[in-house]
Amino acid sequence: MTATPKPLVLIILDGFGHSESPDYNAIYAAKKPVWDRLLATQPHGLISGSGMDVGLPDGQMGNSEVGHMNLGAGRVVYQDFTRVTKAIRDGEFFENPVIAAAVDKAVAADKAVHILGLLSPGGVHSHEDHLVAMAQMAARRGAGKIYLHAFLDGRDTPPKSAQPSLERLDATFAGLGKGRIASIIGRYFAMDRDNRWDRVQAAYELIVDGKAEFTADSSVAALEAAYARGESDEFVKATAVVPAGAEAVRVEDGDAVIFMNFRADRARELSRAFVEPAFKEFPREQAPQLAGFVMLTQYAASIPAPCAFPPEPLTNVLGEYLAKHGKTQLRIAETEKYAHVTFFFSGGREEPYEGEERILIPSPKVATYDLQPEMSAPEVTDRIVEAIEQQRYDVIVVNYANGDMVGHTGVFEAAVKAVECLDTCMGRIVEALDKVGGEALITADHGNVEQMEDESTGQAHTAHTCEPVPFVYVGKRKLSIREGGVLADVAPTMLTLMGLEQPAEMTGRSIVTLG
């Protein structure tokens, strides 16, 4: 086989979609000479990263976990969101043996069922339809005490949009004639993923001990008070919902706890606080002996709790296939997206493959990334340039977090700076590749930074989008790019560029035609 250019670098610009509209489009507003030059001189197109094209419901915006799964698998991966929704529609959810075992054990002892999860129609980490179904299931199975501990979104949804979701669940419980919302707290606390354990502690103590900074007699009153304090949904402080004559809800021995987030990365820390016997990240006043703690999906193999929807193994994903062919690969990202470029890109596998190395660059310790829109991109780029110069790797996969993480802040000026930083970083990579004769593919996992304001409300747009994402070839070869590509087509494209045959399990189609 003739030698192919080396290395082949896959650059994933997280949250970097394409919008025809210049309005509140941080990419359009940024000074980006490198990006402009690439689009003027290199083969490029657009590919889809949302909806059915990535195994999500129609019209559902893509996200980082889903995007990286599809990119690495080389096939459309049927997402947990869709699996759970389908199980609810088919009725299988209500007989799920793992959830049923925990609920039935609590019911038999006249104990409570606690439902945890992000109460949101966002569909990124959870969906409120699933929380409604869980409340219905608990009631059907005879639970008299059903409590929802609602984590509020404002990140994958508009910043102040929780009220309809709270009202919907209040109505669900009213219709069941039992159960209620017991607490609300922003996802900033309950769903940390960066080992900021003081945040997780606030959520744990609210749920388990009923310890809250604030109390209110209804969920909507709790939310209104938070807004009056200047908090948006994501940052709502621990609030116990205590109707007149009631007490703050606590988790007691013999209760069942069901965590209804389907995405793993932001559910791990709180889960560990509940179930790890030797948990030491913060002191727990109470560690109740539960009838069961159920993860909706497997948040991590190391968490000692059952999951209702275990992973469906993927074989011959890109990383595995490269290893089988004796190829070397480097995965690199900063903390915020490290799991995506390793665990998710490898189809849900924690361990590196043979010949795979990983570099984790710490994300800056700032409260929100608009305060440092460059994040750790320059340091990530230093290591990539070094790796390209060494010519040790056949493939380098890198994630740049800026577009997504700064996009989520809703701060337009910071998002523009993030894009300008990315442009500089891409310039350094392209220059390094030019010197060694390497190639790159530049794409994204989903959109975000190209829409920074919600046109209908005038609020900051902090969520992902359904826009297509760019696909750019960087190199010396003559090739053409077809239209209609999806994220699942990227891995087959890489194999085409490397001269490797595509395995049968990869059902994606190469986006490029050589020659």
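The backbone N, Cα and C atoms fix where each Cβ goes, and this holds for glycine too.
Residues or ranges marked as Mn(2+) 2 binding site in Swiss-Prot (evidence: sequence analysis): Asp14, Ser64, Asp445, His446. If you look up Swiss-Prot, you'll see Ser64 marked as active site, phosphoserine intermediate, on the strength of sequence analysis. The substrate binding site annotation in Swiss-Prot covers His125, Arg155, Asp156, Arg187, Arg193, Arg263, Ala264, Asp265, Arg266, Lys337. The Mn(2+) 1 binding site feature in Swiss-Prot is assigned to Asp404, His408, His464; the stated evidence is sequence analysis.
Features as recorded by Swiss-Prot, highlighted on the structure.
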residue : record                 : Cβ contacts under 8 Å, 6 or more apart
Asp14   : Mn(2+) 2 binding site  : Ser64, Lys337, His340, Asn399, Tyr400, Ala401, Asn402, Gly403, Asp404, Met405, Ala444, Asp445, His446, Asn448
His125  : substrate binding site : Leu118, Asp156, Arg187, Met191, Asn261, Phe262, Arg263, Arg266, Ala267
Arg193  : substrate binding site : Asp265, Arg266, Arg268, Glu269, Glu336, Ala339
Ala264  : substrate binding site : Glu65, Thr297, Gln298, Tyr299, Ala300
His408  : Mn(2+) 1 binding site  : Gly15, Arg155, Tyr369, Asn448, Thr462, Ala463
His464  : Mn(2+) 1 binding site  : Gly15, Met61, Gly62, Asn63, Val124, Asp156, Asp404, His446, Gly447, Asn448
Among Ser64, Asp156, Asp445 [binding-site residues], residue with fewest other Cβ within 10 Å: Asp156
Message: Quick check: in three-state DSSP terms, what is Ala264 (substrate binding site)?
response: coil
Fewest other C-beta atoms within 10 angstroms, as judged across Arg266, His446, which are the binding-site residues: Arg266
- prompt: According to DSSP, which kind of secondary structure is Asp445 (Mn(2+) 2 binding site) found in, if we only use helix, strand and coil?
  reply: coil
- request: Taking the Cβ of Asp404 (Mn(2+) 1 binding site) as the centre, count every other Cβ atom within 10 Å, in any protein chain shown.
  value: 28
Query: What does DSSP assign His125 (substrate binding site), in three states?
result: coil
Statement: Not counting Asp404, His408, His464, residues with a CB within 8 A of the CB centroid of the Mn(2+) 1 site are Asp14, Gly15, Asn63, Ser64, Arg155, Asp156, Gly403, Met405, Gly407, His446, Asn448, Val449, Thr462, Ala463
